[in-house]
Amino acid sequence: MGFRLLACLFNLPVAVIYGSLSLFISILHNVFLLYYVDTFVSVYKIDKLSFWIGETVFLIWNSLNDPLFGWLSDRAFLSTQQSGVEISNPEVILKRLKALSQNGPLFAISFLAFWIAWAHPGLQFLICLCLYDSFLTMVDLNQNALLADLAVSAKDRTGLNFYSSLFSAIGSLSVFMSYAVWNKEDFFSFRIFCVVLAFCSAIGFTVATWLLRQRFQTEGRVKWDENAALKELYVDHPSGHQEKRITLAEYLKQLSKHHNFLWFVSMNLIQVFHCHFNSNFFPLFLEHLLSDRISLSMGSFLLGVSYVAPHLNNLYFLSLCRRWGVYAVVRGLFFLKLLLSVIMLLAGPDSVYLLCFFIASNRVFTEGTCKLLNLVVTDLVDEDLVLNRRQQAASALLFGMVALVTKPGQTFAPLIGTWLLCSYTGYDIFQRHPLSNTVSAQPKLAANAAWEPTLRQGCFYLLVFVPITCALLQLLSWSQFTLHGRRLQTVKSQRQTFTEIHSQEIKTI
């Protein structure tokens, strides 16, 4: 029985094993996003100053660690030659898998640090957030980099992304299971649940990376032996030369001339802003636009759909990408976002069923677009390699640079959203009962009754005008992006032939 199971694991396709990495991330990360604030505020009783200090430090570190870890991971790949011997693709993949095998279990352990009080709440909050985000960043960067390193063709990459989305959807079920054990008064059951999740994640990372390493170990060892022999021949050759490694300043200068990269991060910054705007204000929209018109179970259903549906919907989007290309699908989603928002604006806030559909679909389609954009980054990795004639694609570094530019959208979303809501309605989201200091209950109820229609109208305008504005700006940026169609095919063919030509030149010497 054991041998049969082992044989089945060895026969799994690479795409399935790669996709399973998303399962081991999502089962932890969804629970983290849902409960970490409530745990520290309601269970550990963190004070407001410590909370905001921790969040501020976290936001800074969250933006900086992506390019930092990407640079540390990929700086050796930036020069076009190094001792005349190229770094082979199996070696790069093995390096990524080694990083995942080390950081995956550490990511699971850092997840556990949230749910046991072991220090002053303010200090624990700061340390836990930074540690967790560091290991999550290392895991995310290397997993995303593998998407570019394991495959070059659009068909193969969409296949990898398909399984990644499928396993992410399965991982989202941990959110539903967590409801059964979440209890702020009795935290023991939830802690046991988190330990089980972390154990499964750590074992999963270990097994999945081991299986992938077995696939590429033999190929990498053969290539290493070949390169070792070539290196001896090359060093003795009088025309041999060694290029210096590119500095960070030189790399940033190269990126500043990469026009498709600049247009992409401009569009993606808006996309990240819109994704987090929907996440931040989803409960607010449900409360003030639908709470008195739909049942509690319907509200819970809409909330659950918003977590799971983006992953399932992405499976359909990926099938469209295989047929029409990522560029056309993303552009179509921008037009769809604009169209639905205009229809909702014309229909008004009293169309309950249309409002339910719009609130859910707005989040589902926006999150789905975010998940497709990793495929665009892998294409930018190819173009970066071809434009700068690198010896190997700097996948993790480019993903890190994209995150550096776009992650501020996470911070802008709640800030701009609350400012717009407050400026239009006078409603402060941090003061849920602004009239609570009044002595008489009757004036307070009358004031709230008069204030609620204005707040409802403000929430509705925020709901429709933000996606309209985002869609228009994104269509403008996306129209300037040229890495699609014939241009994309040329870049991919050049990447495939560039390494072969470079290898033949070394062998000739």
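Glycine is no exception: its Cβ is also placed from the backbone N, Cα and C atoms.
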For this session: Look up transmembrane segment in TrEMBL and report which of 294-312, 370-388, 389-407 it refers to.
Result: 294-312
Seminar exercise, completed: Tertiary contacts of the transmembrane segment (106-132), defined by C-beta under 8 angstroms and 6+ residue spacing from its ends, are 24-25, 28, 32, 36, 39-40, 44-47, 49-51, 53-55, 57-58, 61, 138-139, 187, 190-191, 194-195, 197-199, 201-202, 205
For this session: Using a Cβ distance cut-off of under 8 Å, indicate which of 12-37, 49-64, 188-212, 324-347 has the most pairs with the transmembrane segment (160-182).
Result: 12-37
Seminar exercise, completed: Best-packed against the transmembrane segment (12-37), counting Cβ pairs under 8 Å over 49-64, 188-212, 324-347, is stretch 188-212
Exercise. Near the transmembrane segment (188-212), which same-chain residues lie under 8 Å Cβ to Cβ, leaving out any that are not at least 6 residues past its ends?
Worked result: 9-10, 12, 14, 17-18, 20-21, 23-25, 27-28, 31, 35, 93, 97-98, 100-101, 104-105, 107-109, 111-112, 114-116, 139, 174, 177-178, 181-182
